[in-house]
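Q: This is the structure, below, for whatever I ask next.
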Amino acid sequence: ERMEWGQGQLGLASSPECACGRSHFTCAVSALGECTCIPAQWQCDGDNDCGDHSDEDGCILPTCSPLDFHCDNGKCIRRSWVCDGDNDCEDDSDEQDYMRKCSDKEFRCSDGSCIAEHWYCDGDTDCKDGSDEENCPSAVPAPPCNLEEFQCAYGRCILDIYHCDGDDDCGDWSDESDCSSHQPCRSGEFMCDSGLCINAGWRCDGDADCDDQSDERNCTTSMCTAEQFRCHSGRCVRLSWRCDGEDDCADNSDEENCENTGSPQCASDQFLCWNGRCIGQRKLCNGVNDCGDNSDESPQQNCRPRTGEENCNVNNGGCAQKCQMVRGAVQCTCHTGYRLTEDGHTCQDVNECAEEGYCSQGCTNSEGAFQCWCETGYELRPDRRSCKALGPEPVLLFANRIDIRQVLPHRSEYTLLLNNLENAIALDFHHRRELVFWSDVTLDRILRANLNGSNVEEVVSTGLESPGGLAVDWVHDKLYWTDSGTSRIEVANLDGAHRKVLLWQNLEKPRAIALHPMEGTIYWTDWGNTPRIEASSMDGSGRRIIADTHLFWPNGLTIDYAGRRMYWVDAKHHVIERANLDGSHRKAVISQGLPHPFAITVFEDSLYWTDWHTKSINSANKFTGKNQEIIRNKLHFPMDIHTLHPQRQPAGKNRCGDNNGGCTHLCLPSGQNYTCACPTGFRKISSHACAQSLDKFLLFARRMDIRRISFDTEDLSDDVIPLADVRSAVALDWDSRDDHVYWTDVSTDTISRAKWDGTGQEVVVDTSLESPAGLAIDWVTNKLYWTDAGTDRIEVANTDGSMRTVLIWENLDRPRDIVVEPMGGYMYWTDWGASPKIERAGMDASGRQVIISSNLTWPNGLAIDYGSQRLYWADAGMKTIEFAGLDGSKRKVLIGSQLPHPFGLTLYGERIYWTDWQTKSIQSADRLTGLDRETLQENLENLMDIHVFHRRRPPVSTPCAMENGGCSHLCLRSPNPSGFSCTCPTGINLLSDGKTCSPGMNSFLIFARRIDIRMVSLDIPYFADVVVPINITMKNTIAIGVDPQEGKVYWSDSTLHRISRANLDGLQHADIVTTGLQTTDGLAVDAIGRKVYWTDTGTNRIEVGNLDGSMRKVLVWQNLDSPRAIVLYHEMGFMYWTDWGENAKLERSGMDGSDRAVLINNNLGWPNGLTVDKASSQLLWADAHTERIEAADLNGANRHTLVSPVQHPYGLTLLDSYIYWTDWQTRSIHRADKGTGSNVILVRSNLPGLMDIQAVDRAQPLGFNKCGSRNGGCSHLCLPRPSGFSCACPTGIQLKGDGKTCDPSPETYLLFSSRGSIRRISLDTSDHTDVHVPVPELNNVISLDYDSVDGKVYYTDVFLDVIRRADLNGSNMETVIGQGLKTTDGLAVDWVARNLYWTDTGRNTIEASRLDGSCRKVLINNSLDEPRAIAVFPRKGYLFWTDWGHIAKIERANLDGSERKVLINTDLGWPNGLTLDYDTRRIYWVDAHLDRIESADLNGKLRQVLVSHVSHPFALTQQDRWIYWTDWQTKSIQRVDKYSGRNKETVLANVEGLMDIIVVSPQRQTGTNACGVNNGGCTHLCFARALDFVCACPDEPDSRPCSLVPGLVPPAPRATGMSEKSPVLPNTPPTTLHSSTTRTRTSLEEVEGRCSERDARLGLCARSNEAVPAAPGKSRLISHHLFTDPGMGNLTYSNPSYRTSTQEVKIEAIPKPAMYNQLCYKKEGGPDHNYTKEKIKIVEGICLLSGDDAEWDDLKQLRSSRGGLLRDHVCMKTDTVSIQASSGSLDDTETEQLLQEEQSECSSVHTAATPERRGSLPDTGWKHERKLSSESQV
């Protein structure tokens, strides 16, 4: 009905029903009655295929299965495809809601994507829309580069050697600009003005290839080829680009004067009228003037008159399928899937499969239809044409020079994989093993890492020059790479093993490489002079050209495995092309919008590529090139790119199977089979096996590496031997017996060796070399010969470097190469000094003669032809290679042309090989004729020596083979008749038997060089230094002395602070003095009296000790400023020393310190060296300030100058008739005549770090010992003096009345602790020198006490949390208490009852135990805040302690803790130290806050201030009429008169970390009590009290029954009762851990839950519920916290804790929290905006929150009551203290006023301190300005 009605409307005759084929769907008849057929599968597919939607009308949308997703347009897709970044529904409905949340470590871009948080504002655009770089703070300037670095234009630093090396290392070519001064370009290249080299053919080609466009300047009109069009600018573009509607010329000249082929304005089914109007095609020739200008009806349109005969209604117009009337005529058309044949009526099937891209992958055609299909791993999308890869979302992996990143192509999401790279270029991955590989052209390495960025390791690190392409064979696990520098393609296992050069011939600049492991093929591009794309099998066979026309820079290459095609980019032609894998059907895919494409990858139907110019990653359709998109731009420098997806590495058959194909090394695929291959240079010994080693290879040095070219294979590829730290290798040799290669390095001045494969590398010789340029191995006697052009010597040693000796040292002037000829026993060497020559001598240096001396300029390489007995040499000045007989006769030129600069030379077989510096090549020729020249390798910079390693050196019989020829040391080959001779190591003479060497040097110089000690023998006719082989690390060896009798050297090391000794052969090393040294500048050994003397500029002392360091004594300690050199004159009994302090002087005294006198004190500056000439009774010294060496008589008279000027002399010594000195400036040792100072010569030069020097002659008799054989009858030290000798005792011990014997220890002395040491200062002697008590394992010693009964010292160590004891000689150290201690600050010994008391400020307890640690008991554990010092008075039964907690106090109790009484609690700050004066019955204490020392009687009455100004006292003690104390700020021990507080003296200065101090004296521990006899009858603890005593039981019962009744031993308890607690004594306090106090307090455990244990101990934890209230009426608030101003300008002192990890005491400087950065009033946003009710107190520079209003008043009182409180300790800066005020406390003006007061007080601190106070500024945590203690500091 509808059709009839329609026809009726149109007035047309009825038409037949439309009928389509079986497999087709018939569309609705159009308004014109036309039929359309479409393939049946297109019905209801959501696509409008009919054009009128009739194929989709009435379709019930398919119901999707539960596993599917229902698209908005009705399609069903897999649910797994939703949100995978692919538009699978084709209406985006499967991707719409994709907007994942960013994590808290990510930044959300404006487009919703997420990037890493730290990429925000990092200068790199990481968001696609750039929103991460918007609104950034102003850019931070790039850090400057080091001296050895070059800064790129954008700030990055690269090594300077990469500047102007022709490689774009910066990524923007800025390292290659301004290179005009650098080396010119190679032939065939054009140099841009910037120094960049480009291909000469690019000059004037219209393309700006130089970064500065200089290749297009001054061009004459360029010639374009026939296939090109020349733009007005001169540029040539493809002819096909002319008039294509795109401006390719950049000046539009290719689009000018085109015939109007301009794209028509009308649609394809429309007609263009003459007047420009468009009408429908069907309106042509319809008899109506539709155009308006009649052009649609004009004769030109061939309109025929309408006859009505031709009509579609008659026989369908004769059409087979569709019929329509056009221009009045019948026109036949066909259904979809068919095309009209030439007869215009019939239709034939269309082969859709022939159309490019109709199907994504596979296509099958059928009649009128087709079917698409997908490869394994893909499935057809709903459009039935394109394929979707199965598996995860694809990721683009790309190298970005400085990093490797990943980007999701459909979402542009961007993540970092690896960063901080140098210059990552090429890239590939191994999906199954989850590895990524990349090449770095700056490091010239190939590296790999896991795909998560972890585990970075080097794969190939040698022999690379420009590895620009990389490909992974994921099936056979191989790595292939291209190198455009070496022009090779190589392969290796994935770990770099079994590396092989695969292709090396006819390669120029290979770049991109792609593999097809399933087919076993490699494809690569080459952008050399003949650009091409090639392929071969993966074993290198079957090489063929894929494309070699229309290529210029074929950069990127990729294979579409599913589509069986390859794609490549050409950056010069700006095109992306594709071809079949055999190169056929080549076609350009994209030829516009490609400024500089570099790398390309393919995935599904898309291509992705990187572009250097746009710094972007782009994509397009791989068939049409359309749908171009920028995936990501503004990148740093995108390089290689790959799609990371399993389908990019589809599974394939591993041809090698699981046994590597049976190959010993490499198994490489070849077609459908495989080939076994060998690593580079290794020959194949069967079809499957390779040789295990190389038999013959060419070895050559190239400065930074050593390479080999195997002669076992024909490829002659060079292979780098993997060696470490090769800086400047020059000379080479080899020894086939142990496969060693030897080389010299003139940068590190070493000779090294390694196996030929690089293993077992070791340095053989590394001392006293300056320029070792020649090397030769004597393979017969196993000797190493070398020349040194710096020292002008020839030396020999065993091949391991031992027994080294100098062979020739005279008349050498720049010796170069050396060769040996063991058959004749001769060695030959070249010398290119002022008179060039070639010499020979016996291999033992005998019979030396010049054999060639004329017509030589630069004789370099030498070689011997053992067969024809000829000597060959290369002369770089004469530009020849010549030869002569071994005696120099029959000289002849072998090669005299084309030798610009020959260097190394060697012979093998019939050929001669040489290196040439200028041609940068290795060449060879016939050794007899010089003809038949070949180049083995070229383009090798820095070529040096060359040798051929082989295994056929002729054997020679020699007497050295039998028992070393009878020689004790070296047996050397020599010319016949003798055949050999014996020789000795450097400096040692051969004995008269001609075979044995003397045991050591007799006469020698020995000198210190900071990090080693060396000797120069004076027994031999030349000077050569030999290192004393002491097997320790020296840091700063300064002074040196020798004991010739035992052959030992003594030295001081000022960094290690010790004096050590060892034998002269380096054995028996021992440290003899390890304590009490600071800077030991001078040292002298008294070999006669067997003593060692030394000076110390740090302690300003001169000391003496036995040679083993025992019986050490301070001889001189007063009026020394900076003592340095010291010399002894035992026979006269004198010692002399120099002092280079403020008033430099030269002094003398007896060797016992007596009769001290100043000899010279004028015109001296830095008197460094000092020596005494006993023969002429002269004193000689060297002064580095006056630059003179002077002499005077032994009493200082007749002073005269010997040598002047000398630059900077340091050590000075004398032997026989010469003086020798070291000089810092010249870095040399000099010699002069001792009498006149004339004949100055250089002994040794080039010795940095020279210090002291001594000349020794062991043959000289020592002289007479003044002390005789019986030590002068002295019990300890016998010291010479002018009138004989005196007996002396070790430091601090007095000599007895007999003048001969000493007590074992002082009678009265101070014992003090300083963190890592316990020391004593004797009060018996006046020198007050501290002596270390050698107790082992001291870490952080705080408190000390002494038990005079057993003679033991007790101490606490808060690092180990132990209490220990030891004897005073350091022995019998044992732990007394090892558990349950937190911070034991105080310790006291009850010497009567044998009990030990201690305070624990960590647990707030006072405990006691027996002296051995048993019977431990808590005595007091309540109302303690911070208990510190503790003291006992056994006679009175009293226990005293200080508490510096919130309310500071000093308390007393009985010794059992009962009858506790507060003695003092007013006017106390930090009561630190406490001591008792048992005679006057008074207590003394130091207050480190109020800075004073006070005393009171035992009841706290009669209190008086003894000293009112001390800086920061910590502990004190009393002896006789003195009070002694330690002070943290002045770092000293001081004393005052205990009665008057006057006569203040410093006992010991400059000691870090001073802690406790006690006196040990016979008068100190006296008196007794009831516990003193039989422990009072108690079984466990006996405690004396004021009037009685009590027995007590330990808190933890032990195995013995405990009784509280004296004398009663109870029966043993039952076994079950062992664990029960003993009953608590009625008059001892309960042992609960926390008694109820007036305030709540969190336990330390709770605090530690909130902060670290260390912080808790440091008092850094705010305890949440702990307020710190002030006592009523108190005017001070004491804090135990400390903060410093960030500049450490003023320290706020607190009473510090000791829990520091270092060994030094520093007043802790805790970094201030961020809130201290500015003064702020913290307002809470309440409705009335008033200040918060949270209060803050400022206490000692600290803000403490508090809820107590009253404390603000305290704070205000604080100002008036004690104005000086803050002056000494606290300077609050307004910028460092944050005050949070409350309205109820300080108002704004009060706060301001308070801060202003602080400011003025702060400024007063920096003015000069008042004289009665200390004479220096407050300690700021830095050392005071003091005189420099050594010249190195000066």
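Cβ coordinates come from backbone N, Cα and C, glycine included.
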Q: Just confirming the record: what cysteine out of Cys152, Cys157, Cys170, Cys179 does TrEMBL connect to Cys164 via a disulfide?
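A: Disulfide partner per TrEMBL record: Cys179.
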Q: Choose one of Cys224, Cys231, Cys236, Cys258: the cysteine that TrEMBL connects to Cys243 by a disulfide bond.
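A: Checking TrEMBL: disulfide partner of Cys243 resolves to Cys258.
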Q: Consult TrEMBL and report which candidate among Cys127, Cys136, Cys157 shares a disulfide bond with Cys145.
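A: Disulfide pairing in TrEMBL: Cys145 with Cys157.
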Q: With a Cβ cut-off under 8 Å, give me the same-chain residues at least six positions beyond the ends of the repeat 'LDL-receptor class B' (434-476) that come close to it.
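A: Residues 158-159, 162, 167, 169, 397, 399, 404, 416-418, 421-428, 482-486, 492, 494-496, 499, 510-515, 517-518, 522, 524-525, 538, 640, 644, 649, 651-656, 667-669, 705, 707, 718-722.
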Q: Which residues, given as numbers and ranges, are at least 6 beyond the ends of the repeat 'LDL-receptor class B' (825-868) yet have a Cβ under 8 Å from it?
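A: Same-chain contacts beyond the flanks: 774, 776, 778, 783, 785, 787, 794, 796, 807-808, 812-819, 874-878, 883-884, 886-888, 891, 902-907, 912, 914-915, 927, 945-946, 954, 972-976, 979-981, 983.
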Q: At a C-beta cut-off of under 8 Å, are there same-chain residues at least 6 beyond the repeat 'LDL-receptor class B' (1394-1436) that contact it? List them, or none.
A: 1343, 1347, 1349-1350, 1354, 1356, 1363, 1365, 1375-1378, 1380-1388, 1442-1447, 1453, 1455-1457, 1460, 1471-1476, 1478, 1483, 1485, 1498, 1515, 1567-1569, 1571-1572, 1575, 1580-1584, 1586, 1592-1596, 1598, 1628-1629, 1631-1635, 1637, 1644, 1657, 1680
Q: Same-chain Cβ contacts of the repeat 'LDL-receptor class B' (1177-1218) under 8 Å, 6 or more residues past its ends?
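A: Counting only partners 6 or more residues beyond its ends, the repeat 'LDL-receptor class B' (1177-1218) has Cβ contacts under 8 Å with 1003, 1005, 1007-1008, 1018, 1040, 1125, 1129, 1132, 1134, 1136, 1138, 1144, 1146, 1148, 1159-1160, 1163-1171, 1224-1226, 1230-1237, 1240, 1250-1257, 1831.
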Q: Same chain, outside the repeat 'LDL-receptor class B' (520-563) by at least 6, Cβ under 8 Å from its Cβ: which residues?
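A: Result: 188, 199, 360-361, 374-375, 377-378, 387, 469, 471, 473, 476, 478, 480, 482, 484, 487, 489, 491, 502-503, 507-514, 569-573, 579, 581-583, 586, 597-602, 609-610, 622, 640-641, 647-648, 650, 655, 668-672, 674-675, 677.
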Q: Mean pLDDT for the repeat 'LDL-receptor class B' (477-519), rounded to an integer?
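A: Computed over the repeat 'LDL-receptor class B' (477-519), the mean pLDDT is 93 on the 0 to 100 scale.
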